[in-house]
Amino acid sequence: MELIINGLSGFVCALSCSKTCSVGDVKAEIWSLLGISCIEQKLVHCGEEVEDTVELGSLDADVDGAAPHSLELSLFRVDPRRAQALHDVRNNGLCLEMLSDDLRKDRDIVLAAVKHNGFALVHAHPDLRKDREIALASVSDRGFVLRYLEPSFKADRDIVLAAVSNDGFALRNACDSLRADREVALCAVKTNGSAVQYVGSCLAEDREIALAAVHSSGAALRYVLPTFRKDREVVLAAVRSCGQALKFVQDERLKCDLEVALAAVASDFTAFQHLPPVLKKNRVVALAAVKQSPGIFKSLPEEVKADREVALAAVSNDGFLFTLITQELQHDREIVLAAVSNSAVLAYTSEEMQKDKDVVLAAVRHEGTMLQYSSGHLKSDSEVVLTAVNNNGFAIIYADGKLRSCREVMLEAVRNSGSVLQWAPPQLKEDLQVALAAVASNPAATKFVSDELKKKRCLDCEF
C-alpha cells in the first residue's frame, strides 16, 4: 500500500509499505529518509496517536473490512528530551525519580510512569499527586500507594475500590466510612483474607465477610471474631486454605473433629503438631499426614508407627524411615521392597530379605553398590550383578570373582564407570571393546588399559 506522511505544513513524504508493516517500521523508514529519530516521531491517525506495534493494515479499513490501497498519517516532531523521558518511564516507571523537576511536572510523563509502576507517584510533582486520574492509575497498579494519596482520595470510593482490588491490605489506609462499606470490605478480603482485621467494626459480625476472608487466606481466622473461630463451616474453609489455621480454632470439639483435622493436614502437614493427642493417635489422620510428608512418621506415637499401612506409606516415600518401624514390620516383604526401591537401606534389612532375589534386585536398581549387602549366592547371580553394574559400575567390586572375570559383566560396568577397568582381570584389560568402552565413559581410564594393547592398537591415539 502507499503511505502518505503529512506534517503541519503539508506533504512530507510517501512510502511503499505492506499491510503487515508496523508503525514502528514506518518510523524507522522516516528516520532513514529524514533523519528524525524514532523517539522524536509522533504519528497520528484520525486524531489519535498510534502505537508502534499497530499494523498499517488495521488502520482505516474500508466498510467491508478490506485494507485501503493508500493511507495517510500525520507526523509531529516532539521534544527529544521529553520523548526520551516518556520512553524511559514507559519501560520503568521508577525512572521518574531521576528526571528533572520540569519533566516531573509533565502530566503525560507522570501518568505513563504510574501506569507502569504505581509507586512512581511518590516521585511526581506535588501538584500532580492531587490529580485524580493519576491517583487512580497508581493504586490500580500498586494498591498500597493509597497511603501516599491525598486524604480526599482515601475517601474516594472508586479509588479505594481500585486499591483494595489490587492489594486488600490497602483497606487500612482508607477512610473510616469506606472501611465500613460492605462492598469495599468484601473486595479487600477476597484479595487478601487477612485484610479482615481492617474492616470496620460494624462489619465484624458479617459472616459472609468472615467466610470470604478465610477462603482467601486461612490465616485470616486469627482476625475474625471468636464466634467464627467456633463456626464449623468457617473453620473448615480456613484449614482447607491454610492448615496452620488450626491453631486459631477456639472450640476444642472442632479441634477433635476428624474432618477438620484431615482437611488441615491435607493442606499443610505441619498442622499435625497442632492436633490434640487423641487425633495424633488416629491412624487415618496419621496416614494422611505421612502421605503429605513422610518425616511426620518420626513424631508419631509408637502404636501408630506399628500400623502396617502407615509404615508402608512412610517408607514408600522415604525408605530411610525403615529403621524406625517395628521389628515385626521390618520382616514384611512388601514394606522392605518399598523401602529399598527408593533408598539405600538394604544394609538394615534382615538376612532373610538379603537372600530374597526380588528384594536385592529392587535395591540394586536404586543403588548398585547395595550389592555388597546381598547374600553371597546373589553376588554370583548374573542378573543381579548385571543390574547392579548397570546402575553403578563400581558395584562390580562386590560381585563374585567369577563374574568379575565375565566379559559381559565387565563391559556393562565400564560403560557405566570407565575407571572400573582397574579391577578387570589382565585378559579383559587387553580386550579392545572393553578398553574402548571404558575410555569412552571416562578418558582417564586409559591408564588402566594394558600396555600390550596400547602398543598393538595405538590406543592412545584412538582415545
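The backbone N, Cα and C atoms fix where each Cβ goes, glycine too.
No curator has checked TrEMBL annotations; they are predicted automatically.
Each residue of the domain 'DUF4116' (89-129) gets a DSSP state, and the totals for helix, strand and coil are 31 helix, 0 strand, 10 coil. Taken from TrEMBL, the feature domain 'DUF4116' covers 89-129 (among others).
Per TrEMBL, domain 'DUF4116' is recorded for 156-199 (among others). Applying DSSP to the domain 'DUF4116' (156-199) sorts its residues as follows: 36 helix, 0 strand, 8 coil.
For the domain 'DUF4116' (206-252), residue counts in helix, strand and coil come to 36 helix, 0 strand, 11 coil, using DSSP. Residues annotated as domain 'DUF4116' in TrEMBL: 206-252 (among others).
For the domain 'DUF4116' (257-305), DSSP puts the residue distribution at 40 helix, 0 strand, 9 coil. What TrEMBL lists as domain 'DUF4116' is 257-305 (among others).
According to TrEMBL, the feature domain 'DUF4116' maps to 307-354 (among others).
The domain 'DUF4116' feature in TrEMBL is assigned to 356-404 (among others).
The domain 'DUF4116' annotation in TrEMBL covers 406-454 (among others).
Taking H, G and I as helix, E and B as strand and the rest as coil, DSSP gives the domain 'DUF4116' (307-354) the counts 34 helix, 0 strand, 14 coil. Same-chain neighbours of the domain 'DUF4116' (156-199): 132, 135-136, 139-147, 149, 206, 208-210, 212-220, 223-224, 241, counting only residues six or more beyond its ends whose CB sits under 8 Å from a CB of the stretch.
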